[in-house]
Amino acid sequence: MALLLMICVQLLVHSAHAQFQLSFGQPTQAVPTTPRPTLPGGFDPACKDAIDNCKNYGSDACSGVYLSWAQKNCEATCGFCKRE
């Protein structure tokens, strides 16, 4: 079993190294981004939660140490849809 695990790890490392070699040194162009449209008052109609259970976490999950997580996962529930 240990030998099989060691072989799998070596294959993964080799594959990752090969992929790195293929992409290393090839310049890539940044893709221009356009801001999401907003309605009057700054509300973003495309704003939605990335997960379905944001309300279960309560308002404490929208600030403090959870702020960056909430901005990514619970944008609508936490009220981050309005542009400032």
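Even glycines carry a Cβ here, placed using N, Cα and C.
These numbers come from a predicted model, not from an experiment.
Disulfide connectivity taken from TrEMBL links Cys81 to one of Cys47, Cys54, namely Cys47. Annotation note: Cys81 (disulfide bond) sits in a coil segment as assigned by DSSP. With the fewest other C-beta atoms within 10 Å around its C-beta, Cys47 stands out among the disulfide-bonded residues Cys47, Cys81.
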